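These features come from Swiss-Prot:
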- 186-362: domain 'Hflx-type G' (DOMAIN)
- 192-199, 217-221, 238-241, 306-309, 341-343: GTP binding site (BINDING)
- Ser199, Thr219: Mg(2+) binding site (BINDING)
Amino acid sequence: MRAIGVIRNSRRERLSRAEFEELLRSAGYEVLAIVEQNREEHPRYNIGPGKLEELKELVKELKPDKVIFANRLTPSQAYNLWKELRIEIMDRWQLVLEIFEKRAHSKEAKLQVELASLQYEIPLVKEAIRRIRLGDRAGFKGMGEYQTQQYLKHIRYRMGKIRDELERVKADREVKRKKRENAGFVLVALAGYTNAGKSTLLNALADENVEAKNQMFTTLDTTTRRFRLGTKRILATDTVGFIDGLPPFIVEAFHSTLEEIVKADIVLLVLDSSEPWGEIRRKFLASLQVLRELKALEKPIIVALNKIDLIEEADAEEKVRLIWELARERGISLEDVVKISAREGRLEELMDALNRVVLKLPKYGAFRIIVKEPEKVPAVMALINSVGEVLSVEYGEKTRIDAYVQTGMVGEIKKMGAEIERLNHSGEGEELEQDEGYSDGG
């Protein structure tokens, strides 16, 4: 398919030409030309009338299959452009949905794409009905008013059915998530702008040699892998990539997938460090906006600057500094900003940061464990090592073990005959209250 792309930039809306061209290529289009204009939005055509005439001439000369706008078009603008150009018109979000449709493999992903597409169609169908009533016989996809009204009813019915199916998927996922939490797994969500290298990072964390494609939106299906961080068991989940100005109808349609971020213990926000700072800044802010909409900004967030193998060390350090500075300016609390190369497996800074953050989670606590019977020490130590991290051991008439332990395992340790108390900030033990929420197995 051959397309002409159109970008309109203004003081309020700055769009990346490089990103738009990458979207077009990802959707499989041969880009014949890109038409650009700097002006505020024209209410009738989005671009100005003069630029529209230029576009008409290009369409006659190049004979594309479609004209695709980098901007969001109103239904009225899309119709007016079609009437002038007599060629299929698409906007940014139709283009994204087309890519999503190509990438969706699981039943859930296909349902989410269909839901988003139907939500996008509703205002277009309503505009078609309005125009029919004004005497314009264009209709929607050649349909008359009655057929268009019936199609609108069908859309709403189908959306209801899809939402019901997605709710069932969500319930099943919640059951699995609870089982994982109860089994002591720490849940980490990989989030970030599309094509930042999240899938490559997931493979590196899980030590899997699976090729990750260098293209936009390779991940629509939720993918989870497990790995160990010392004694800690981690489940990392790759999520659908963000894009600048992600509209509410796409966020809503993909909520069951994006919910993995909301339910995670830690959010790992991946950025491509090889890009110019202006692009990193734009994508970082766009990612933060999606996290804000998901109400996930209060989660522990680690920013991973990926692809450092492609830049100089001084450049990487400067970008780390700028990320910290930008986060402070925006009032965003970050746990850490680390440099990684997922492709080369250079993850040392990330693993150190994850280890520190995991031990600060509510599901972990610092405890002093007293074992009075020497023969029970090996079994208690083995249990602690399987669900936590030993800080120090003092052997004597009583064995004293200071350790980070999953709080849900306190009851199991007590059942082995050990005494346990929480460590305060000075390293002294404090007796646990009965109502502190720890099960003793009874």
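Keep in mind that glycine also has a Cβ here, set from the backbone N, Cα and C atoms.
Just so it is clear, the model here is predicted, and its values are computed rather than measured.
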(request) Just jot down the residues in the same chain as Gly192 (GTP binding site), at least 6 apart in sequence, with C-beta under 8 A of its C-beta; none if empty. (result) Lys198, Gly241, Phe242, Leu269, Val270, Leu271, Lys283, Ser287
(request) Give the distance between the Cα atoms of Val240 (GTP binding site) and Ser199 (Mg(2+) binding site), rounded to the nearest whole Å. (result) 10
(request) Enumerate same-chain residues with a sequence separation of six or more from Ser341 (GTP binding site) and a Cβ-Cβ distance below 8 A; give 'none' if the list is empty. (result) Asn306, Lys307, Ile308, Asp309
(message) According to DSSP, collapsed to three classes, what secondary structure does Asn195 (GTP binding site) have?
(response) coil
